[in-house]
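For reference, the structure is listed below as structure tokens.
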Amino acid sequence: MSTTFKLDTSTSRANPTPAPMKRLTVPKIRARKKDGKTEEPLVMLTAYTARQAQLLDAHCDLLLVGDSLGQVIYGLPSTIPVTLRMMADHAAAVVRGSYHSVVVVDMPFGSYEQSPQQAFESASFLLKESGAAAVKLEGGEAMAETVAFLNQRGIPVMGHVGLTPQAVNVLGGYAARGRNDAEADKIVTDAKALDDAGAFAIVIEGVLEPIAVAATEAVRAPTIGIGASAQCDGQVLVTEDMLGMFERVPRFVKKYGDIAETIEATAKTYAEEVRARSFPGPEQLYQPK
């Protein structure tokens, strides 16, 4: 049983763009922030498959192949078990399904923390295997040397500060960060260190809003918020959360749909028709002429 994927650029409800657009580039994303401001916020969503990328692409500036796929796709308890091979394969699918957005792929836990050289080997593997344009890694000041090392060797890097899911065991959970002066100062310092190291954009996740605003104002690179502030230079959500695939979602998620209910209702109707032998009907069958 198989379905052939083909990039469909026809105008339809599922494919609203009449013709392919030229793909954005990392420098163009970086240049969206001028004089400390981004006139139109950047839009980023996660994508893990070619078809998902095709549906999201025309509406986004960036598609993030997030290590959140560990939980969303594979049912893992956290992002910790995600492998480079998983990330490379899903990123390749997203690149094939898109033509406009900058595709960024997460570097999974354990693939970059040991040294800049390890990070280069992992990042170059991801980009060569997938065709993605950039990588994203978690960590602030401690990762600045690695970000600079990658940048100097032709690998664009998106940073990630604040609540960093790969460090959940150290942080002790997914609570918002920046609730005391030390945490708040560290978030801003981390963002500035990544900015100075050459990160082309910085995700700020799960921090108190005033801290997100302060970090955004402190850096030249665009910031992309998730549970941060509307004053960030862009926003990102996990697509499945935004679509309503899961009943329980973080506080910072707004559900723009209830696709889970639609899927369940559709599957129920299909099952009922199969059991009643009303599917397949005459219009789905081949008859001799």
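Cβ atoms here come from the backbone N, Cα and C positions, even for glycine.
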Cross-ref Swiss-Prot: 3-methyl-2-oxobutanoate site ASP67, SER68, ASP106; candidate in list LYS37, LYS128, LYS136 matching that site is LYS136
Nearest to SER68 (3-methyl-2-oxobutanoate binding site) by C-alpha distance, among the recorded positions ASP106, GLU138, GLU205, is ASP106
Within 10 angstroms of the C-beta of SER68 (3-methyl-2-oxobutanoate binding site), the count of other C-beta atoms across all shown chains comes to 21
When the binding-site residues ASP106, GLU138 are compared by other Cβ atoms within 10 Å, fewest goes to GLU138
Densest Cβ environment (other Cβ within 10 Å) across the recorded positions ASP67, GLU205 belongs to ASP67
